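Engineer: As listed in Swiss-Prot for this protein:
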{"type": "BINDING", "residues": "121, 125, 126, 127, 355, 356, 357", "note": "(6S)-5,6,7,8-tetrahydrofolate binding site"}
{"type": "SITE", "residues": "229", "note": "site 'Plays an important role in substrate specificity'"}
{"type": "MOD_RES", "residues": "230", "note": "N6-(pyridoxal phosphate)lysine"}
């Protein structure tokens, strides 16, 4: 029998030490990884609840286990809130991750070997958009489009040319490292021209979409997926959305369960319900606008300091800095910034001469620092510190000076007050 007073402390101190160290790292380091954010204590409360004990294979009102009357209410709340938040007719809140949501879409709409057209990973796409190392590139005939390296923008005429030539069954619009706004009407027109499904992966910009600050793909796409963390600030998980289409809804549901998953994680679904409610609060739009303002201000600092920002700037929460002209690698830059307690991620850039493990770029995002309370003033200062380190790569004195300034800034803006 378990006691309500059971604690990790005193029982598993080795684990607790690692957990506490990570929480302290989050407080002491500035987080600029575009896919990371801080979630609320309300979300954590739901995710750490007794709902983790309940198996609930199936869907609300149609389960394969008894005792699901209460978790049915939890899942239905999450579904209704997701639909309301994004203006969708259909929502599946069960995918354990964005990649599993994407896998369910493939399973629902395609046969193995079908042709899909997605954005190249090297140009800002995602692994699940047809990369050779992913299921999407192994099980399907994946054709890739990219950006015009002269402009840093997607060349929609080229996307259309490839689509006409290759006749994909599904076209994927979405990214993990593209800083400009996608033209969903143009993607829809291209898909219609070749008779393809249009699948939009909005994982990175879902929070901006929810706030009305980025175009909503729902009116144009046959199906939309997203993660529930990143700009949404919820638990790590996935979500599938669509307009009303009974045939497709059945396919999506079957592709998630039993096609790709067994029991849903009811504690995570509860946490998703919390984050959807939080995203409907009035302050959420102001937060997302600040995310964009901060990213644009930081990108301009890099441009002013002589660095190449891919696509010339940003419309969203992230941007890519190319270090090719400086002769630096993303790996070395990432490590140097880490020593100064600034966390970014190395990232491939167009025409990158380095391997994906080394790269010639950095991806920088502002969701986490904005949650922390940073405004444009702090982000401009922060971008300047990063440029100082890049201009003096490997200089321990510069790293130490920046680290001390980072410590002071983090103390002024704690993650959890």
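Going from the start of the chain as shown, residues are counted 1 onward.
Using the three backbone atoms N, Cα and C, a Cβ is placed for every residue, glycine included.
From a predicted model like this one, the values you see are computed outputs, not experimental measurements.
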Engineer: Calculate the distance in Å between the alpha carbons (Cα) of residue 229 (site 'Plays an important role in substrate specificity') and residue 125 ((6S)-5,6,7,8-tetrahydrofolate binding site), and round it to a whole number.
Structural biologist: 18
Engineer: Using a 10 Å cut-off, grab the number of neighbouring Cβ atoms around the Cβ of residue 357 ((6S)-5,6,7,8-tetrahydrofolate binding site), all chains included.
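Structural biologist: The Cβ of residue 357 ((6S)-5,6,7,8-tetrahydrofolate binding site) has 10 Cβ neighbours within 10 Å.
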Engineer: Which ones in the same chain are close to residue 125 ((6S)-5,6,7,8-tetrahydrofolate binding site), with CB under 8 Å and 6+ residues apart in sequence?
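Structural biologist: Set apart from residue 125 ((6S)-5,6,7,8-tetrahydrofolate binding site) by at least 6 residues yet with Cβ under 8 Å, we have 118, 119, 131, 144, 172, 174, 175, 176, 178.
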Engineer: Specify the count of other C-beta atoms within 10 Å of the C-beta of residue 356 ((6S)-5,6,7,8-tetrahydrofolate binding site).
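Structural biologist: Around residue 356 ((6S)-5,6,7,8-tetrahydrofolate binding site), other Cβ atoms within 10 Å: 14.
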Engineer: Other than its own, how many Cβ atoms are within 10 Å of the Cβ belonging to residue 127 ((6S)-5,6,7,8-tetrahydrofolate binding site)?
Structural biologist: 16
Engineer: Which chain-mates of residue 126 ((6S)-5,6,7,8-tetrahydrofolate binding site) that are at least 6 residues away have a CB under 8 A from its CB, listed by sequence?
Structural biologist: 102, 118, 119, 174, 175, 176, 201, 203
Engineer: Rounded to the nearest angstrom, how far is the Cα of the residue listed as 'N6-(pyridoxal phosphate)lysine' from the Cα of residue 127 ((6S)-5,6,7,8-tetrahydrofolate binding site)?
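Structural biologist: With the alpha carbons as reference points, the distance is 17 Å.
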Engineer: Once the chains shown are all counted, how many other Cβ atoms turn up within 10 Å of the Cβ of the residue listed as 'N6-(pyridoxal phosphate)lysine'?
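Structural biologist: Cβ-Cβ neighbours of the residue listed as 'N6-(pyridoxal phosphate)lysine' within 10 Å number 27.
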Engineer: Would you count the other CB atoms within 10 A of the CB of residue 355 ((6S)-5,6,7,8-tetrahydrofolate binding site), including those on all shown protein chains?
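Structural biologist: I count 11 other Cβ atoms within 10 Å of it.
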Engineer: What residues, ordered by sequence, lie under 8 A Cβ-to-Cβ from residue 121 ((6S)-5,6,7,8-tetrahydrofolate binding site) and sit at least six positions away in the same chain?
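Structural biologist: Set apart from residue 121 ((6S)-5,6,7,8-tetrahydrofolate binding site) by at least 6 residues yet with Cβ under 8 Å, we have 127, 129, 131, 176, 348, 356.
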